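One structure is given here, and the rest of the page talks about it.
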Amino acid sequence: MNMEQHSVDYIPESERYGKPRDLFTVWFGANLNLTTIVTGAVLVMMGLNLFWAVASIFLGSLIGGIFVASHSVQGPRLGIPQMIQSRAQFGVLGAIVPMIFVMFVYLGFGVANTLLATQTLSEVTPVSSNWVIFLFSLISIVIAIYGYRLIHATQKWLSISAFIVLGIATVLAIRLPIPQGTWSPGQFDLSLFVLGVGMITTYVLALAPYVADYSRYLPSNASSSKVFWYTYTGLTSSTMWMMTIGAILIVALPDFSDNLGVGLAGLFKGYDSILYILIIYGLLAINVFNFYGAFMSIVTTILPFNKLNVTPRVRATILGVIMLINIGLSLLGGEGNFINFFINFIFFMSYFLIPWTAINLVDYFVLRKGEYHIADIFDVNGRYGKFNKITIVAFLASIVIEIPFVNTSLFVGPAAEMLNGIDLAWLVGIISASLLYYFPMKAKLSSGMNDVGLQQD
């Protein structure tokens, strides 16, 4: 299999291929991993009973999936990676602002996946934790170096194998004895439920910064509705499935949180090696997404200052640096409590991801209706300018507006306290970013800055 030749540049029509249905296996496979299972378990550990944990999983997945699938639609239309498209909203240099925040998402999930793999393998193999971290990171990077085609193939085989094995695991999990009344809708805590919905919405939304990276090779005339629905159904179905398993296991197995991978593999008594292999495969597959996305973001950040020629050697060098950072952070992260780290990371991530997605989707679907000048997205002196003050102010102001509504173990905002602990920061972020961006930007575009027609040259 040849190494991918493109990086953040426009994909010519002559090199486009595939069908929207290919996206189903990509995004179905994306969440067939231990990290997603752990997220479902965390809801119960936060205090929700099984019924309301599953309800928040379903609602949060369905909400988050709308945003992610909407971003996926942009890929075939524009033919460029997701985050470089943010230049049309933030300016060519201004897009570095959300890029920095998104890098934390890639690195945070990279560390989370690496630590879960390390925790699992260190328990059942003689390999030391440090070596697991190194080998896991190295294999992830090798796949990311080869790029788009290999990533698609990895996800396709993961979807098929995991569907069979995890299907059996699901049956075994459902048959486990659980306390009577666990599925009862009683014991409802509104603040915990809203917190859970926000957490799941954010977890799903974490895929938004790179979702178009995997649809940009589709022909530009690919059906937008099919791109949306194949992405949406693949993503939400696997998310709801895996998280529900996690919620059930944490209720049925009191020691499940001690070692999450071992607890899951324990369902296959006598055949647990099969599940161990699948657990590592799933974590590798999603980790590649994060490293590939980090690579795209670094190249996008460098390009305005240096006309970088992304040769295979340059690609390998950048990804090698990402690997070293992941190894270093994983070695540090292994010293603390994984669950606490993971919960705080997801909430931290939500406070800037949500304003970004609101701004991007309002711009694409409402203001410009998918019409962009691609050449200007790569031109620091083009129509999108170096910085768009309207966007940067809307983005940063929305983050500030969210703060009073935050409810985490590290900080509880005054508005959240008044609302009996209900965390509405994610909803406030969507509304504030949309309004703060829409009205001033609409006025600016109406004054003569509007784009007419989609141009690739």
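Quick reminder: no glycine exception, Cβ is built from N, Cα and C everywhere.
Per TrEMBL, the feature transmembrane segment maps to 23-44 (among others). A Cβ distance under 8 Å defines the sequence-distant neighbours of the transmembrane segment (23-44), meaning residues of its chain 6+ beyond its ends; these are 50, 53, 56-57, 68, 72, 109, 112-113, 116, 120, 151-152, 154-156, 158-160, 162-163, 166, 196, 199-200, 203, 207, 211, 214-215, 227, 230-231, 233-235, 237-239, 242-247, 249-251, 256-257, 260-261, 264, 279, 282-283, 285-286, 289, 339, 342-343, 346.
The transmembrane segment annotation in TrEMBL covers 50-69 (among others). When Cβ-Cβ distances below 8 Å are used as the criterion, the transmembrane segment (50-69) is approached by residues 27, 40, 43-44, 178, 182-185, 187-189, 192-193, 196-205, 207-208, 211, 227-229, 231-232, 235-236, 239-240, 243-244, 247-248, 251, 357, 361 of the same chain, each at least six residues removed from its ends.
Feature annotation from TrEMBL assigns transmembrane segment to 90-111 (among others).
According to TrEMBL, the transmembrane segment annotation covers 131-151 (among others).
The transmembrane segment annotation in TrEMBL covers 158-178 (among others). Residues 25, 28-29, 32, 50, 241-242, 245, 248-249, 251-253, 264, 267-268, 274-275, 278, 281-282, 285 of the same chain sit 6 or more residues outside the transmembrane segment (158-178) yet have a Cβ under 8 Å from a Cβ within it.
Residues or ranges marked as transmembrane segment by TrEMBL: 190-208 (among others).
The transmembrane segment feature in TrEMBL is assigned to 229-253 (among others).
If one looks beyond the transmembrane segment (273-302) by at least 6 residues along the same chain, the residues whose Cβ comes under 8 Å of a Cβ in the stretch are 7-8, 29-35, 81, 83-84, 95-96, 99, 102-103, 105-107, 109-110, 113-114, 116-117, 120-121, 124, 136, 139-141, 143-144, 147, 151, 154-155, 158, 161-162, 165-166, 169, 207, 209-210, 213, 261, 264-265, 267, 308, 310, 315, 318-319, 322-323, 326. What TrEMBL records for 273-302 (among others) is transmembrane segment.
As annotated by TrEMBL, transmembrane segment applies to 314-332 (among others).
Positions annotated as transmembrane segment by TrEMBL: 338-366 (among others). Sequence-distant contacts of the transmembrane segment (338-366) (same chain, six or more residues past either end, CB-CB distance under 8 Å): 38-39, 42, 45-46, 67, 70-71, 74, 85-86, 88-89, 98, 101-102, 104-105, 108, 112, 115-116, 119, 198-199, 201-203, 205-206, 208-209, 257, 391, 394-395, 398-399, 402-403, 406, 408-410, 423, 425-426, 429-434, 437-438, 441.
The transmembrane segment annotation in TrEMBL covers 387-406 (among others).
Residues or ranges marked as transmembrane segment by TrEMBL: 418-439 (among others).
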Under 8 angstroms for C-beta pairs, at least 3 of them, ignoring pairs fewer than 6 apart in sequence. Is the transmembrane segment (131-151) in contact with the transmembrane segment (314-332) by that rule? yes
Taking 3+ C-beta pairs under 8 angstroms (sequence gap of 6 or more) as contact, is the transmembrane segment (229-253) in contact with the transmembrane segment (190-208)? yes
